[in-house]
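Some features that Swiss-Prot has for this protein:
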type	residues	note
ACT_SITE	158	active site, proton acceptor
BINDING	39, 40, 41, 42, 43, 44, 45, 46, 47, 62	ATP binding site
COMPBIAS	309-319	compositional bias 'Polar residues'
DOMAIN	33-293	domain 'Protein kinase'
REGION	308-345	region 'Disordered'
């Protein structure tokens, strides 16, 4: 099976509606002050913190190049804008504030999520920072956001801890889903089949070049829940080939040692999602009714100010580590070669995590896995 090349001019599944947000041509710098804080960087985009000169409000400015690999990719950026507009009423999707356009770039002014990526909560060194009760709340909010997208026939296709932000870190804030550069519209007559996404988060159907459905996002939610609860990435191998083999064979460690501090209901939830056949995965809507998500301690969830002094000490530890861990991107950098989440110092990170988003096509690495 030959690899389908990424081509901005021929990708299916893009929203073609004209964005409702005005594309301003005024000088962005006349209205916003860029701070030194860079939130993310990719091959074709950079995200930086900015401050409105008129209100003093903080935002995330995402600078997207319109030409990539010599191709005009403006339609891809307009698709991302259209998805953000479609989800504007969803509290768990990052909010689009304004759009500016220059001769070479389109600038998205996005809501600023001060809590950073939930990836930081997946680090083994911060295992004591978040309880299973906290994870329940975060997963529920992710499901609510994804359910909203799926109701509108949008699949995200790159859900991962680096693309889910928090409104604040202490108290633990609300979920904001970002990075819609790989999202696609489904449900039309033509099937959507593409090799896309971050390697260790790819679903089996993407590796097999099978039709993409909303179930692909559900696989990723299973991975996110696994990482938040075990602080380990379930499928990453010692090399690229092993990673794809683990995914294809659904090699997941559910050992007592790995899940010693995880409830049986949480384990059941993950196991229901990490199944090879996408038709057997529950939908986002049905997941919201799972027994695990009903096990809430409402006191600790809605009264974070009453948490113990030790929790505040843990928060200080997290704040200190944030300087060494990946910063939030507040949106897609629009290409599978982006490395916006590679940390400057990986000494804190478990060897079970990888950050290379630019791996070759899985079909080039392990052709014997696919029929």
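Heads up, residue numbers simply count up from 1 along the chain you see.
Every residue gets a Cβ built from N, Cα and C, even glycine.
Where Swiss-Prot records a feature, it is marked here on the structure.
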{"residue": "39", "record": "ATP binding site", "CB count, 10 Å": "26"}
{"residue": "41", "record": "ATP binding site", "CB count, 10 Å": "19"}
{"residue": "43", "record": "ATP binding site", "CB count, 10 Å": "18"}
{"residue": "45", "record": "ATP binding site", "CB count, 10 Å": "25"}
{"residue": "47", "record": "ATP binding site", "CB count, 10 Å": "27"}
{"residue": "158", "record": "active site, proton acceptor", "CB count, 10 Å": "25"}
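In the predicted model, the domain 'Protein kinase' (33-293) has a mean pLDDT of 94. As a whole number, the greatest separation of Cα atoms within the ATP-binding residue list 39, 40, 41, 42, 43, 44, 45, 46, 47, 62 is 14 Å. For the pair residue 45 (ATP binding site) and the residue listed as 'active site, proton acceptor', the C-alpha distance works out to 17 angstrom. On the backbone, the CA of the residue listed as 'active site, proton acceptor' and the CA of residue 39 (ATP binding site) stand 18 Å apart.
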